Amino acid sequence: MAVKTYQAGVTQYRQSYWQPDYVPLDTDILACFKITPQPGVDREEAAAAVAAESSCGTWTTVWTDLLTDLDYYKGRAYRLEDVPGDDTCYYAFIAYPIDLFEEGSVVNVFTSLVGNVFGFKAVRALRLEDLRFPIAYVKTCGGPPHGIQVERDRLNKYGRPMLGCTIKPKLGLSAKNYGRACYEALRGGLDFTKDDENINSQPFMRWRDRFDFVMEAVQKAEQETGERKGHYLNVTAPTPEEMYKRAEHAKEIGAPIIMHDYLAGGLCANAGLANWCRDNGILLHIHRAMHAVIDRNPHHGIHFRVLTKILRLSGGDHLHTGTVVGKLEGDRASTLGWIDLLRESFVPEDRSRGIFFDQDWGSMPGCFAVASGGIHVWHMPALVTIFGDDSVLQFGGGTLGHPWGNAAGAHANRVALEACVQARAEGRQLEKEGKDILTAAAAHSPELKIAMETWKEIKFEFEAVDQLAIANK
């Protein structure tokens with residue numbers, strides 16, 4: 001066994017952290033970074049620097065390296081790839097030994113992989129494109145409190161996407177008027193109504209008043225329709241203690257589901273709330289407020305597919321994913337990729353959808369994908385095609401903006417959805433025949449007919465800022 005000796009000084013990162021012959025272990029956490037290096041910094045050195053700074057390295061040699069097995073604990077940059085169509089940056093693949101990270105702590109994973117290294121001067125920009133979590137790590141995480149099948153069984157809703165609605169205006173309503181808006185939408189045919197992400201406990205509507213009036217609305221709508229209903233009560237709060245206080249009250253008044261802003265509220269708070277929901281039989285809806293600050297820049301930040309994986313590990317039964325056809329960012333191929341990462345047990349590498357690694361989730365339950373943001377009845381055929389059954393299609397303005405009111409807007413959406421589900425069962429192509437399908441349904445539904453007339457010219461056709469960088473789309 002060679003004797004280790006200490007030599008003070010500064011060495012190139014590539015001497016220790018660039019290892020092109022390394023074969024990743026099944027237990028390694030793998031990362032794909034998009035690196036834009038500073039001028040004069042070669043690719044291998046920049047990749048090795050990222051591997052070092054995101055694992056156990058620092059800028060100089062230290063004598064305490066002799067007290068550990070650095071070769072075991074270090075991150076290893078093992079492969080570089082060009083980014084198709086962009087010669088200013090490249091992909092670097094880095095492997096991290098599983099023992100670098102606390103079991104079941106996505107907080108700890110992020111502290112290393114997207115911590116100080118993102119301010120490192122050797123790189124001009126840095127983006128975490130994807131992560132592969134080994135099954136050995138997945139098994140240490142709590143995951144969704146309940147998952148898709150448990151939620152369907154509890155609500156007795158099968159064979160179709162579920163319908164939701166974010167109450168508008170998002171701010172300013174009194175608690176009683178807010179509850180009334182919920183009731184009208186639920187009795188009209190929706191499965192859920194929802195707090196907007198920035199509704200917490202403001203002077204115009206304190207959280208306890210909102211919870212009480214909303215649950216009165218939910219229970220009344222259930223009695224009238226004979227269907228299970230719910231409202232996503234946002235328990236996001238200034239402190240964890242206050243968050244749990246709100247969650248406990250939601251449980252006391254019979255709420256089947258609560259809501260959390262997992263990025264703004266924090267991953268630590270989210271994991272704790274997911275555990276509470278699992279223990280108390282409450283479903284957990286997750287909003288992604290703040291994600292675009294992190295993921296929209298194609299050269300710097302964290303891709304949303306990573307945030308999707310982190311949420312599934314941290315815990316949530318629903319996650320907002322964008323719509324493709326609505327007002328929010330997200331191209332179709334990428335969105336289909338992260339929808340699968342939310343729901344499937346195993347997702348293979350697929351560069352055409354931006355997935356860089358195989359991801360095995362084992363027996364971890366999946367999450368409902370939530371489509372929300374600028375959608376209306378004309379989008380229904382595309383939404384059913386893109387998102388499939390295990391999704392929640394949320395029409396805020398597309399419900400409450402109906403000329404005849406909330407109940408009519410909800411009814412229009414329900415008729416449109418059921419028409420699309422029936423047409424799909426008949427083997428029809430929804431996106432090609434969508435207009436005919438909706439027009440036929442509208443002949444028997446004046447609510448749908450008016451909705452189609454109201455929003456027939458409304459489209460959100462903007463090119464995505466963050467596009468897939470693949471050789472053959």
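A Cβ is built for glycine as well, from the same backbone N, Cα and C atoms used for every other residue.
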Among SER16, SER55, SER372, SER391 - the residue Swiss-Prot places in the same substrate site as ASN116, THR166, LYS170, ARG288, HIS320: SER372
Densest Cβ neighbourhood among ASP196, GLU197 (binding-site residues), 10 Å radius: GLU197
THR166, ASP196, GLU197 screened against HIS287 (active site, proton acceptor), Cα within 10 Å - retained binding-site residues: ASP196, GLU197
Shortest C-alpha distance to GLU197 (Mg(2+) binding site) - which of the recorded positions LYS168, ARG288, HIS320: ARG288
Candidate with the highest Cβ count within 10 Å, taken from the recorded positions LYS194, ARG288: LYS194
Binding-site residues compared (ASN116, SER372) - highest count of Cβ atoms within 10 Å: SER372
